[in-house]
Structures are given as C-alpha cells and as structure tokens.
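Trainee: If you look up TrEMBL, you'll see 34-55, 240-262, 268-290, 321-343, 363-384, 488-513, 595-616, 628-653 marked as transmembrane segment.
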Amino acid sequence: MRGPLGAVIGRYPSSDGSTQIGGIIRHNRKCRDVAFLVIFIAFWVAMIVNSSFGFNKGNPLRLTYGLDYKGNVCGDRHAHPGLRELELTYWLNPNQVYLSGLKNSQFKLANARSICLLDCPIPSEDALNWVCDYPEGEIRLSVDDWIDRNYDYFEFLTPEMRNTSLQLQGPCYPVIFPSVNVYWRCQYVARASNVSLRHWQQMGGVNINEDIIIDKSIHRSINARSSVLKRYMADIGKSWPVLIVCGGLLPLFLSVIWLLLIRHFVAAMPWITVAVFNILIISVTMFYYLKAGWIGNDAISPIIGAHDPYYRVFGRELNHLRAVAVLMTFIMVVSILTSIAIVRRILMATSVLKVAAKVIGEVQALIIFPVIPYAILGIFYMFWFSAAFHLFSSGQIVQNDCNSNCCAYDLASKRMNCDHCCGYSIRYTPHISVAIFFHLFGCYWATQFFIACSSTVIAGSVASYYWARGETSPEIPFLPVFSSMKRLMRYSLGSVALGSLVVSFVESVRFMLESIRRKLKVAHTTPESCMGKMTYHTSRFCWQCIEWTIRSVNRNAYIMIAITGKSFCRASVIATDLIISNILRIGRVNVIGDVILYLGKLCVSLSSAVFAFLMLDTHKYRSAHNKISSPLLPVLVCWALGYVVATLFFAVVEMSIDTIILSFCQDSEEHQGTAQYAPPLLIQTLGDQNEMQRLTQ
C-alpha cells in the first residue's frame with residue numbers, strides 16, 4: 001500500500017506524536033523536474049529569437065497584396081514611389097498575361113509587367129483609355145496627379161515613347177479588356193471592348209490576343225494554394241476585433257456565467273447544457289450552409305467592390321466552406337444522437353456536480369482565479385499572433401531568373417531596357433518553414449503549460465478543502481488558491497512543464513502522421529488488401545487511444561503533484577494506481593461528468609463561433625479595405641480561443657470533481673474502505689451503498 005496522504009494533507013503528527021494544527025499542506029517538498037523547467041525557459045528564449053527574426057524580415061502586407069515590377073509591395077507607403085493607397089495589382093501587357101496562360105509556355109505571370117493602382121481600369125465607351133507606368137524621368141507628374149488623370153499621360157509622350165507603347169512595350173498600355181478586383185488583383189474579363197480594340201488597330205497597335213486564356217491565367221494565380229494560405233492568414237489579421245470580442249471577452253463572460261449557474265442551479269445545468277449545445281451546433285452548421293451558398297444568396301464572393309452581377313468568379317475558399325459544411329452536418333447528426341443517448345445518464349452527472357458546486361461555494365476564490373491565467377494567455381496570444389503574421393510573410397523578395405522577352409521602356413534611363421526586366425517573387429527558404437512549425441509548437445506547448453498550471457492550482461485548493469473535512473476554518477488557509485499558487489511556483493513548475501511537453505509532443509507526432517496519411521491518400525498509396533486496411537485503421541485508432549490516455553493521466557498526475565509534491569512521473573504512477581484500484585467505483589460517474597463538462601466547453605466555443613459569424617457578416621468585413629476572403633479561419637480561431645478560455649474556467653469544476661474523487665479513493669484505501677476526511681455531501685453522493693450500486697450498474 002502507498003504511504004498515507006493524511007500526513008501530506010490535513011492533520012499530521014508532530015515529532016512528539018501529537019496532532020499538529022495549522023496549515024493544510026505542510027510537507028517536506030522540494031523542486032521537481034528542474035531540468036524540464038530549464039528546457040522550457042530555454043524554449044521561451046528560442047521563441048523570442050524566432051519571433052524577432054519574423055519581426056525583422058516579415059511584412060504582413062505581403063499576405064494580402066501583390067508585387068509590382070519593381071519588387072514593391074502594393075499598399076506599402078515606404079515603397080518608391082509611395083504606394084500607400086495603391087493596393088491593387090494590375091498587369092499592363094495583355095499579351096504577356098495571355099502568354100503566361102499557354103500550356104507549354106516558359107513565360108510566367110510573375111514576370112509580366114505589373115503596377116499598383118487605386119482601382120481596376122475599364123475600357124472607355126467611345127475612346128481608347130491608357131494606363132501608363134509610374135511617372136518619372138521626363139514625365140513631370142506627381143503620383144497624385146497621375147492618379148487624378150486615371151493613370152493616363154499618353155498625350156505627354158514623345159514620338160519614340162508612343163511608338164514603343166503601340167508595340168506593347170510601354171510606358172503606356174491600352175485598356176482593351178475590362179477588369180474586376182478579385183482579392184486585390186485586377187483580373188481580366190475575356191471580353192475585349194470592340195470600341196477600344198478598333199481605336200487600337202486604327203493607331204497601328206500590334207495584335208492583341210483575345211482568348212479566354214487571358215482570364216484563366218490570372219485566376220489560376222489567385223487560386224494557387226500559397227495565395228489562398230496567405231489570404232487565410234490575412235483574414236485573421238483583419239478580423240482582430242472579432243478575435244478579441246468573440247475569442248476573448250465573450251467566452252470569459254459565458255464561462256463565468258456557467259460557473260455561477262453550476263453553483264446555484266446544479267440540478268438543471270446538465271439538461272440546459274445538452275439543450276443549448278444542440279441548438280448551437282445546428283446554428284453553426286446553418287451559418288456554414290449560408291456562406292457556402294446552399295441556403296439563400298449570401299455565398300462568399302472573391303470580387304471586391306461593385307461589379308457586373310452577371311460576372312462570377314469562384315475561389316478555393318468557397319470549396320473549403322462547402323467541405324466544412326458537409327463535415328459539420330455529419331458532426332451535428334452524431335452529436336445530437338449522442339446527446340439523446342446520454343439523457344438517461346445525466347442524473348449521474350448531477351450527483352457528482354453537486355459536490356463540485358459545494359466546493360465552489362466554500363472556496364469562492366476558485367471562480368475568480370482563472371482570470372489570472374486568462375490574462376497571461378491573452379497577452380501571450382497577442383504577441384504570438386503578431387509574430388505569426390510576420391513569420392508567414394518573412395520570405396525574401398528576389399528578382400526572377402527568366403529568359404523571356406520582357407523588354408520595356410525605362411523612363412528613368414530614356415531607353416528600351418531588356419536586361420533585368422523579369423518580375424519579382426517572394427521566395428521562402430526551408431528554414432522559414434521550420435521557424436513557422438517551431439512557432440506553432442511553441443503556441444501549443446505554452447497553452448498546455450498555462451492550462452496545466454491552472455489545473456494544478458485548482459487541484460491543490462480543492463485538496464485542501466477535502467482533507468479538512470469540508471470545513472472552511474481553521475484548517476483551510478485564508479486564501480487556499482494563492483497558497484496553492486505559491487507551492488506550484490516554488491516546487492512544481494518543472495513537473496508541469498514536463499506534463500505539458502508530453503501532450504504537445506504526442507499531438508505534434510499525431511499531426512505529422514495525419515499529414516503523411518493524407519499525402520498517401522492523395523497519391524493513392526494506401527493499403528489495398530483487407531489486412532492492410534485493417535492494420536492501417538487500427539493503428540490510427542490505437543494512436544488516438546494513446547493520446548486520450550496521456551491526456552487523462554496528465555490531468556490526474558497534476559492532482560497528485562498538487563497533493564503530494566512528487567515528480568511528474570511518480571505522480572502519474574500514484575494516480576494511475578488509484579484509478580485502476582477504484583475503476584468500478586469512479587469510472588462511470590467520472591466519464592459522464594466529463595461528458596457534460598465537455599459539452600459545456602463546446603457550448604461556450606460554439607457561441608463564440610456564432611457571434612463571430614454575425615460580426616463578420618457586417619459591412620465592414622464584406623467590402624473594401626477590410627474584406628475577408630472567407631469567414632472560415634477567423635471563425636475557427638474564435639472557436640479555438642473560446643475553447644481554451646472555457647477550459648481554463650471549466651477546470652474549476654473538472655479538477656474539483658477529479659481531485660475529490662481521487663482524494664476519496666485514497667482516503668477510503670487508507671482507512672479500510674471508509675473515508676474519514678470526506679465532506680458530508682460527498683459521503684452522501686458516493687459513500688451511500690445504494691447510490692453506488694445504482695451508479696455502477
């Protein structure tokens with residue numbers, strides 16, 4: 001039998017054999033797992049260095065806007081010339097765009113001559129419009145005057161410049177095709193203006209290709225995977241007010257309300273939680289149907305600003321929304337059926353939640369305590385997201401190496417320039433991918449660390465309550481929560497760092513294996529035989545079981561760390577032995593309680609998602625400068641942030657239940673099956689034989 005915990009928590013004998021009264025947890029503790037605390041601190045230093053690289057090299061404007069032929073980012077006020085309001089990328093030479101769209105062509109759209117404009121040019125109804133290069137050299141116009149003239153200074157050109165312009169070599173280019181603003185790129189509409197084309201031919205201009213390829217070339221570039229990923233990241237940056245409200249403040253408010261309701265209306269809360277969960281998951285699914293265009297006419301559109309209603313452009317974002325809508329439909333059906341199946345078991349959750357409500361009522365600081373890790377995580381996430389935007393945009397702008405004919409008139413040198421006329425691209429080196437992965441892993445580890453610290457503090461506070469026989473004085477310290485925080489920071493930070501690292505490592509390995517599985521599936525290299533398929537799916541199931549087991553063991557290990565002050569590994573062994581020895585007594589009660597708490601967390605996070613949909617559906621995020629390409633990622637981020645906040649606050653109830661049950665098992669084991677320190681309500685709930693038989697049958 002393990003050593004009694006009565007000497008660790010509660011009354012403990014002094015050296016002369018008498019009972020010592022005073023503190024609840026007075027034990028010969030010492031710092032545990034110090035090496036992992038050093039590793040965690042070193043990791044934070046590496047995170048700061050990694051983030052400083054992003055802040056130094058990155059420019060979040062690259063996530064939204066394109067490049068001009070000089071390598072400037074459109075919309076960048078520090079460019080030359082200043083492009084603060086010129087956010088749209090426009091390709092000047094339609095023949096180069098056509099050439100880039102040919103199947104076997106070596107010419108790439110990135111090498112086509114492009115400039116940054118305020119709006120997309122459209123052909124004139126009775127004349128020929130021109131779009132000219134940035135004014136410099138002999139063209140004595142300011143950028144503002146150039147914009148006011150609709151980018152047209154053809155009348156100021158010398159005969160030589162006019163001749164090169166008619167050869168589509170600049171500095172001015174004809175507006176033959178209308179164009180629309182598609183994600184801040186002016187996409188050609190493959191319907192040439194007959195009036196403009198006739199004027200162009202009368203002036204002796206070279207032949208202009210009118211094939212639909214000119215439309216598809218730009219569209220293919222806009223829908224490239226890298227472009228879509230950049231837009232998703234940019235969406236998060238544009239919707240930062242939504243993240244603060246729906247991912248931070250709203251879940252804070254809802255979580256506190258839920259804890260207060262658990263305190264005062266514990267009998268009704270399991271039923272309310274299940275009902276609200278079903279309503280919310282149906283609402284979120286319907287919102288996805290709306291944005292996917294399957295209900296109503298509110299599907300997302302990649303076109304920004306006013307445009308011809310008969311002209312439609314489809315992007316990858318719409319396909320992603322439809323895929324998520326199908327997935328949410330499946331999840332919704334399974335969730336509703338599962339919630340119906342557990343209705344008969346809700347009474348079990350009510351019984352054990354009453355004990356947690358009693359603890360919250362006695363140790364009232366538990367409701368307020370999660371605000372501390374909430375504030376720390378909030379500051380961390382603001383720093384992390386800012387660094388993430390810079391890391392994702394930290395590629396190097398380099399000039400392409402092309403062998404194509406891209407000659408153009410150079411106003412500065414007053415001659416045709418065929419050297420170094422290739423376009424620019426953003427080149428990402430492999431170490432940037434490693435830096436991004438490191439940054440993502442750091443976010444997950446830090447989140448797990450702060451959640452683990454919060455759980456350990458709550459466990460220590462609740463253990464103080466239990467081993468004092470449920471009394472508030474004189475056994476329990478005046479502020480048990482802050483006493484538990486002091487013990488954590490002084491002795492157990494290394495153990496918590498190790499536990500959070502284990503969870504983060506397992507999740508990272510699972511993520512990498514899942515990525516490999518998807519690549520194999522795309523490459524059609526998955527096993528074909530029945531045995532191979534069975535092994536394939538069994539391995540996935542086993543890995544998920546391992547992940548769930550580690551999470552469960554970690555949570556109970558934090559409880560034993562708070563109680564005993566042991567190292568993480570030793571605390572895990574103690575917790576596992578207790579659970580295995582009492583699995584029939586606590587298993588079903590604990591599982592049903594966890595299910596209700598999990599549904600409660602989902603209620604908070606799904607509420608965040610619903611309000612995020614509503615905020616993103618306002619005019620601010622549907623048009624002009626702040627338009628987002630899709631609500632998908634901002635909503636998912638709000639859901640994830642809401643779940644993290646709910647986890648911090650719901651840990652008060654979750655850890656209270658687990659701590660009391662583990663303490664009850666240890667207490668019963670030390671006293672031949674009769675718990676001596678259990679509060680009366682706990683004895684009434686778990687100690688009554690008839691109640692236990694009903695719960696375990």
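Glycine is treated like the rest: Cβ placed from N, Cα and C.
Just so you know, TrEMBL annotations are computer predictions that nobody has curated.
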Trainee: If you count Cβ pairs under 8 Å, which stretch among 240-262, 268-290, 363-384, 488-513 touches the transmembrane segment (321-343) the most?
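Mentor: Most Cβ pairs under 8 Å with the transmembrane segment (321-343) come from 268-290.
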Trainee: Take a look at 34-55, 268-290, 488-513, 628-653 and tell me which one has the most Cβ pairs under 8 Å to the transmembrane segment (240-262).
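Mentor: So the stretch in question is 628-653.
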Trainee: Do any residues of this chain, six or more beyond the ends of the transmembrane segment (363-384), have a C-beta under 8 angstroms from a C-beta of it, and if so which?
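Mentor: The answer is 51, 248, 252, 255-256, 259-260, 263, 439, 442-443, 446-447, 450-451, 453-454, 457-458, 461-462, 464-465, 472, 476, 479-482, 641, 644-645, 648-649, 651-652, 656.
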Trainee: Quickly jot the same-chain residues contacting the transmembrane segment (595-616) by Cβ under 8 Å, restricted to those at least six beyond its ends, or write none.
Mentor: 239, 241-242, 245-247, 250-251, 254-255, 258, 269-270, 273-274, 276-277, 280-281, 283-284, 287, 291, 339, 342, 346, 349, 353, 628, 631, 634-636, 638-643, 645-647, 650, 653-654
Trainee: Under an 8 Å Cβ to Cβ limit, what residues of the same chain, 6 or more beyond the ends of the transmembrane segment (34-55), are close to it?
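Mentor: Same-chain contacts beyond the ends: 383, 386-388, 390-391, 394, 435, 438-439, 442, 445, 449, 493-495, 497-498, 501.
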